[in-house]
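Annotated in TrEMBL:
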type	residues	note
ACT_SITE	H256	active site, proton acceptor
DOMAIN	15-96	domain 'O-methyltransferase dimerisation'
DOMAIN	118-327	domain 'O-methyltransferase C-terminal'
Amino acid sequence: MSSTEDLDYPQIIIQYSNGFLISKVMFTACELGVFDLLLKSGEPLSSDAIAAYLGASTMGMERLLDACVGLKLLAVEMTQEGALYRNTEISNIYLTKSSPKSQYHIMMYYSNTVYLCWQHLADAVREGRNQYEKAFGVSSKNPFGAMYRSDEEMLKFMAGQNSVWSICGRDVLAAFDLSPFTQIYDLGGGGGALAQECVSLYPNSTVTIYDLPKVVRVAKEQFVSPEEHQIAFHEGDFFNDSIPEAELYILSKILHDWDDDKCKQLLAKVYKACKPGGGVLLVESLLNEDKSGPVETQLYSMNMLVQTEGKERTAAEYSKLLEAAGFGVIQVKRTGKLYDAVLGRK
């Protein structure tokens, strides 16, 4: 292990400070359509050609492209005619809109919505509450009322969550053998990407997405085909409306939105509705028990501060919430990816 004398603290601080710049370069290249254009072209292009296609200044585009090369998002080839740019494998897979694993939508949500809340992070720390009022002029008392303040914002959020499950969904659903559960409710299932992964992995299952009426409407219109016969919908507010009986309930990135009291309230309703022998699957990013990491989860918890009423938790904290609701035989599986799985049985 390196001694503290070996650490270049000024360099570390500079790298941390540059994090904002790095993410905005990637977001901007996505927003302008750089990666989509290069995929479509099928051949490397000059900065002049890219700027002309995308209606940008040559000077600005050249600097953006060179920054993307430095970040390994683009590759450059020097020819007699000048520099020619092409996508790298990572940008083709994750940054183009047409890729099945595209993260374009979650990046646009972060760039245009999350970052505006984070501008008020100091206020969030001082006040201990989300910052929708300062960022968007809407009430902070109902986080999802603020998130879904327009159909456009709701669509962006749903598309962003779908993109996350396109690369993380199978990991959490395969953490435990869920094949014994054939009747599944996905509470707050949104755009349905996790439900689609579930029926693909467990073909004998049916999944009902339980979400707000306006979310269900958009999911049916934009994300889930009527031909998906294993996926159904239930309109409602699971805090205020009844929860139908099922064998398994999936709560993916739900409990981290709420304080402990709200979590206990919801889990108690789920336990009451759950069939004997059934269970609940929590999909969350777990903190280490001493809360020393992972750093991604620590940052997600900061995001919960600026956007919701909740926080990220340790496995023990989620286990206590499940036990308080009546669930037992609690198992925890860390996937080694962004999200982990906790299974409680009735």
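Using the three backbone atoms N, Cα and C, a Cβ is placed for every residue, glycine included.
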> What is the three-state DSSP composition of the domain 'O-methyltransferase dimerisation' (15-96), stated as helix, strand and coil residue counts?
Replying inline: 52 helix, 13 strand, 17 coil
>> Suppose we draw a 10 Å sphere around the Cβ of the residue listed as 'active site, proton acceptor'. How many other Cβ atoms does it contain, all chains included?
In response: 23
